[in-house]
Amino acid sequence: MDISEGNKTLVTEFVLTGLTDRPWLHVLFFVVFLVVYLITMVGNLGLIVLIWNDPHLHMPMYLFLGGLAFSDACTSTSITPRMLVNFLDKTAMISLAECITQFYFFASSATTECFLLVMMAYDRYVAICNPLLYPVMMSNKLSAQLLSISYVIGFLHPLVHVSLLLRLTFCRFNIIHYFYCEILQLFKISCNGPSINALMIFIFGAFIQIPTLMTIIISYTRVLFDILKKKSEKGRSKAFSTCGAHLLSVSLYYGTLIFMYVRPASGLAEDQDKVYSLFYTIIIPLLNPFIYSLRNKKVMHALRRVIRK
């Protein structure tokens with residue numbers, strides 16, 4: 001839909017071109033991503049229910065893990081259902097209001113996840129490096145407060161970008177060459193200059209992603225040195241097993257996020273950017289519940305107790 005304003009025709013609906021311009025692949029992609037979405041939701045929501053119902057998992061580590069699972073479920077839900085609709089809809093239209101809403105919920109869950117990963121790294125640092133002080137330094141009350149702070153920051157941060165986004169007008173093009181309403185793609189088709197918007201994305205991205213990543217790196221560096229000091233091979237194996245999964249998830253998540261949002265314009269192909277976006281919007285939310293659960297003995301014991309019932 002277009003609205004006339006003076007001599008300009010303002011665009012209020014956009015066309016999402018999706019992952020491919022080959023129509024014969026749409027049905028195949030629909031089936032693949034539907035299966036991925038269902039597995040993602042079952043994995044993450046199942047993990048939340050498991051942690052909620054099992055008293056043995058009512059500990060800070062699993063509280064953060066449950067928070068991460070909820071954040072991943074929100075990330076996937078903000079992107080995948082609309083993408084599935086577009087695979088079957090020849091027009092693939094999305095309104096400006098829907099576009100901004102999709103961006104808000106994605107940005108909110110992504111911001112929350114950055115801080116949750118920091119909390120989880122700190123939790124592992126305290127548990128491995130200061131086990132005797134763990135009940136004091138990471139109590140259930142403190143972990144609940146930290147979890148709440150992560151979600152509050154995640155709720156507030158995207159409002160800055162949404163308010164700036166509402167200042168932009170779209171009057172020339174309405175085609176977004178992407179599979180969701182990615183904010184940098186909206187900047188490309190805006191009529192008025194998005195330089196302030198782009199600057200805020202870079203500044204907030206740098207101030208959120210880089211300090212949180214550095215905190216995680218420092219925490220795990222300390223953990224690594226502590227592990228290497230352990231004489232027990234069993235103790236080393238257990239600690240590496242616990243932290244290795246976390247580091248894998250962090251590397252994938254931060255690597256793609258920083259490459260997308262904390263970098264100068266590089267003129268890279270849009271298809272390459274789509275691949276990076278797929279990692280933090282769809283692939284990582286799919287993998288996280290399995291990365292954290294399959295190597296965690298307490299989670300697996302809790303799952304076996306549920307199956308036996």
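Even glycines carry a Cβ here, placed using N, Cα and C.
The record in Swiss-Prot shows matching topological domain names for Ala127 and Val306, meaning one and the same side of the membrane. Transmembrane segment is the annotation Swiss-Prot gives to one range among 169-189, 274-294, and that range is 274-294. Residues 18-20, 65-66, 69-70, 72-73, 76-77, 80-81, 83-84, 87-88, 282, 285-286, 288-290, 292-293, 299 of the same chain lie 6+ residues outside the transmembrane segment (28-48) yet bring a C-beta within less than 8 angstroms of a C-beta in it. Highest Cβ pair count under 8 Å relative to the transmembrane segment (102-122), across stretches 57-77, 136-156, 199-219: 57-77.
In the three-state DSSP reading, Cys99 (disulfide bond) counts as helix.
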